[in-house]
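Undergrad: Structure incoming, see below.
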Amino acid sequence: MGKKIKKEVEPPPKDVFDPLMIESKKAATVVLMLNSPEEEILAKACEAIYKFALKGEENKTTLLELGAVEPLTKLLTHEDKIVRRNATMIFGILASNNDVKKLLRELDVMNSVIAQLAPEEEVVIHEFASLCLANMSAEYTSKVQIFEHGGLEPLIRLLSSPDPDVKKNSMECIYNLVQDFQCRAKLQELNAIPPILDLLKSEYPVIQLLALKTLGVIANDKESRTMLRDNQGLDHLIKILETKELNDLHIEALAVIANCLEDMDTMVQIQQTGGLKKLLSFAENSTIPDIQKNAAKAITKAAYDPENRKLFHEQEVEKCLVALLGSENDGTKIAASQAISAMCENSGSKDFFNNQGIPQLIQLLKSDNEEVREAAALALANLTTCNPANANAAAEADGIDPLINLLSSKRDGAIANAATVLTNMAMQEPLRLNIQNHDIMHAIISPLRSANTVVQSKAALAVTATACDVEARTELRNSGGLEPLVELLRSKNDEVRKHASWAVMVCAGDELTANELCRLGALDILEEVNVSGTRKNKFSEAAYNKLLNNNLSLKYSQTGYLSSSNIINDGFYDYGRINPGTKLLPLKELCLQEPSDLRAVLLINSKSYVSPPSSMEDKSDVGYGRSISSSSSLRRSSKEKNKKNSYHFSAGFGSPIEDKSEPASGRNTVLSKSATKEKGWRKSKGKKEEEKVKEEEEVMVVPKFVGEGSSDKEWCPPSDPDFSMYVYEVTKSILPITNIKEQIEDLAKYVAEKMGGKIPKEKLPDFSWELHISELKFQLKSNVIPIGHVKKGIFYHRALLFKALADRIGIGCSLVRGEYGRAWNEVMLQNDSRKGVIGGLPAPEMYVIDLMFHPGGLMKLRSREADLYRFI
C-alpha cells in the first residue's frame, strides 16, 4: 500500500472579504448600511429601519435627521424585489410625518411610488405604496403630483384588490384626490363609480365609510349623479339606511342622498320607488341627532329645485320639518330651519307653516345659540316675504320683541334676517305701528352702523318700511339715526346705496327731518352720486328731488324749475342759476353781504312786524301777510263772486308807473279803471303821510333781531309790506272767482301792473329795469331785494311774483327758468272748445301765461307764440 500524501488547503483569494457578523444597536449605523452594494445588507437594513420607524413619531424624525430618506428613495427602484419591498414599506410608515412628506415632495419620488402599484407587484408592496400615497395626498401639492403622474388610474384598479388594506388605502387616497375638481372629472372618465359602490358591500366599516364619503364628494357634480343613478347607487344607499346594524353609516349615506336629490331625475326615481317616503320617515323617527340633521340637509339641498319642492310638498315634508324643529339638538334645529327656508318658495308650503311652524320658529329666536336664532330668522324672513298672512302670524306669536332684540346680535346674518322680517311686517300699517311701539327706531341704529354691506342694506330697507309717519321719523331723528343713514349714501355697494337713498326719500317726507338730512350733507352726497353714471339710481334721484322739495330755493337755483306742487313759502329766495356742485349760500349770509355787481337775490317774505292799516276791510277773513297755500277751503260761491265783482282789485292795487297803452280786453278795462281809481286815492294823501309810510317801509326792510336786548337773538329776513299787501289783495279780490281761467288772467294782469305794466315787444330794450334794481340794491344796502320792492320787473321778476301769489290762493302753476333773464309760468287748463261735446273729457293742455306783452294771455305750450315768449 502506497504512502498517503497530505493534501494542502488552498488559501482564500486575496480579493475576497472575509464574512463579518455585525450587531448594531444604533440607527445611525444602519442608515449607513443603506449605501451598501450588497442586496442582503440592504434588505436587512431596510427591515431594521422599518421596525424602528413603527415605534413612533420621534423615530421617524430621527431617521429624517440621520439622512435616511434620500438613500431610501433610490432603493424604490432597486432591482432586488425584497429590497424594493422593504423600502416601500418604510415609506408607507414615514410618509405620515409632515417633515418627511415635505422632503419627499422636494425629491420628487411620486413617480417611483406610483410605479409600485403595478399589477405584477406583490400585495405587500401595493399595501404600503398605497399607504404612502394616502398619507401624501392629505396636502394639496402632493395631490397635484399624484394626479399629474397618473396615480388615479392604478388606485382605482386597486379598489378591486383582494386585500382589504390595499382597498382601504387606495380609497382613502382617492377620497383626498377628489376634493379637487380635475380629479373628479378624471374619475368619471375612468368609470370609478361601480368599484366604489362595490365597496359599500365590504365587511369592513372603515372601507364602507370612506366609500360613502367619496361618493358624497363626487355627487356634487351632475355627471357623477347621473352615473350613480345609472348604476343603481341610490338602491345601495337606501339599503344602508334600512339596515339598523349599519347605523354608523347612516349619516354619510344621507349626505350622499342629499347631493343626489339635487338631480331632478334622481328625485323622480327615488320618489317612484318609495325611497322619498322612507327618507322622510327615517328623518322623523330617528333618535340620532346627526342623522336627523343630515336628513334635513338633504331636504334643503333638494328643495332648491322647484319640481323637487313640489314632490316634497306632495309627501307632506312640512310635517317632518316642524317635528325636527322640536329636537333638543341645536344642529337639527338649524338644519330644519334651513329646510323650511328652502321650502318657502312653494306657496303651499308657505301656507302650511302659517299655523304650524311660525310659532316654533319664534320660540327659536329666543335660543341661547346664535346660529339657531340666525337660522330661525332666515326661515321667518322667507316665510313673511310677500305673504301678509304669515307676517300677521309672526306678530300674533309675539315675534316682534325677539326680532328687535335680534338686531343687536353678534352675527351679521341674524341681524339681516331680523331686519327683513320686520320690513315684511311693516308693510301692514297695524303691524308697523306695533313695531314702532317696540322702539324699532332706536334698535335699527346699530345695524345702520354695521360694517357688513348686507346688514347695512337690510337695515336701510327697514327704515324705509317703518319711517312712514312723522312720529317715527321724529324718533329716528332724535335717536341719531339720520347720521349713519346719510353715511350709507357714500357706500360703494349698489344695493346699500339704493336702499339708503330710498330711506332718505321716505325720511324727507317732513320738513324738520328733511332739513336735518340736508344739514348732515345728504343733499351734497346725493348730488355727487347722481352725477356719476354708474353710482346713481332711481332712488338716489328721487331722494335728491324730495330733499330739494323741502329746499325750493336750492331746487330752483339748480334745476330752474318748480312744479305746481312746489309751494313757495316765506323765506324763499331766487339766487339765480348755480352750477352742479356749487353751494348755495344761506339767506342770512346773503343778507349780510354788501351790495355788489352780482345778480340781485329776490326774496319772498310776507311776514310783517306791524299791524295792517285800519282802512282794510274784513280783517277777520284774512290776516295781514298771512300765507294761503290752498284755495280748497276758501272758494266762495258764485253768488258771493257776483256780489263782490265790483271790486276785483281793491285799494292799493295800482302801479306807480302809468300804463298809457290801450287795454286789449274787457278785463283790462276793469283793470285800467281800478288802477285809475287807486291812483286817485293815492293822490288824495298828503306828502307827509307818503314820506312817513316810506320811512316805515325802509325801517321794516332792515334785518331785525327778535327780542333785542335779550341774550337770545334770532335773525329775521327783511320784511316786505308791499308783498304782504299783494297777498291780502289777491286773496280778497281774485280768490273768490270760481272760474280758474279768469283767476289766472286777472292774477296775470295784477302782477303785470305791479311790475311796470304791459310792455310792447319793441319797447322792451327801453324798459330800464336794471337801473331800478341797482337803485334798490343801493337803497337797501344789500343784494337781497324783497319782491314787493320791485316796481319795474321783467320776465323772471314777474314769473316769480305770479308763482308766489298763485300758491297763496291755490292756483296750480309751475315756474320755469329760461335763458337771458327769461322765466315763465305754466298752467294746466281744460280746452274750452271741447265744452258741450258728448263723451269723456279730453286731457287738459299746458299753457304759458303772458305777463309782459299781453298780460293775462294764455299761449299753448310749444306753440309759436309761446316759444317767442320763452326764448329770445
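The count begins at 1 with the first shown residue.
Yeah, the Cβs are placed from backbone N, Cα and C, and that goes for glycine too.
Pasting the feature list from Swiss-Prot:
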type: COMPBIAS; residues: 626-635; note: compositional bias 'Low complexity'
type: COMPBIAS; residues: 636-646; note: compositional bias 'Basic residues'
type: COMPBIAS; residues: 675-693; note: compositional bias 'Basic and acidic residues'
type: REGION; residues: 610-693; note: region 'Disordered'
type: REPEAT; residues: 15-54; note: repeat 'ARM 1'
type: REPEAT; residues: 57-96; note: repeat 'ARM 2'
type: REPEAT; residues: 98-138; note: repeat 'ARM 3'
type: REPEAT; residues: 264-304; note: repeat 'ARM 7'
type: REPEAT; residues: 306-345; note: repeat 'ARM 8'
type: REPEAT; residues: 346-385; note: repeat 'ARM 9'
type: REPEAT; residues: 470-509; note: repeat 'ARM 12'
Undergrad: List, by number or range, the same-chain residues at least 6 past the repeat 'ARM 8' (306-345) whose CB is under 8 A from its CB atoms?
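TA: Sequence-remote neighbours of the repeat 'ARM 8' (306-345) are 261-262, 264, 267-268, 271, 276-277, 280, 283-284, 289-290, 292-297, 299-300, 352-353, 356-357, 360-361, 364, 367, 369, 371-372, 375-376, 378-379, 381-383, 385.
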Undergrad: If we skip the immediate neighbours and take only residues 6+ beyond the ends of the repeat 'ARM 12' (470-509), which ones have a Cβ under 8 Å from one of its Cβ atoms?
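TA: Residues 436, 440-442, 444-445, 448-449, 453, 456-458, 460-461, 463-464, 516-517, 520-522, 525-526, 529, 535, 537, 539-540, 542-543, 546-547, 549-550.
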Undergrad: What are the helix, strand and coil residue counts for the repeat 'ARM 2' (57-96) according to DSSP?
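TA: Computed counts for the repeat 'ARM 2' (57-96) are 30 helix, 0 strand, 10 coil.
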Undergrad: Mind tallying the repeat 'ARM 8' (306-345) by DSSP state, helix then strand then coil?
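TA: Secondary-structure composition of the repeat 'ARM 8' (306-345): 32 helix, 0 strand, 8 coil.
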Undergrad: So how many of the residues in the repeat 'ARM 12' (470-509) end up helix, strand or coil by DSSP?
TA: 30 helix, 0 strand, 10 coil
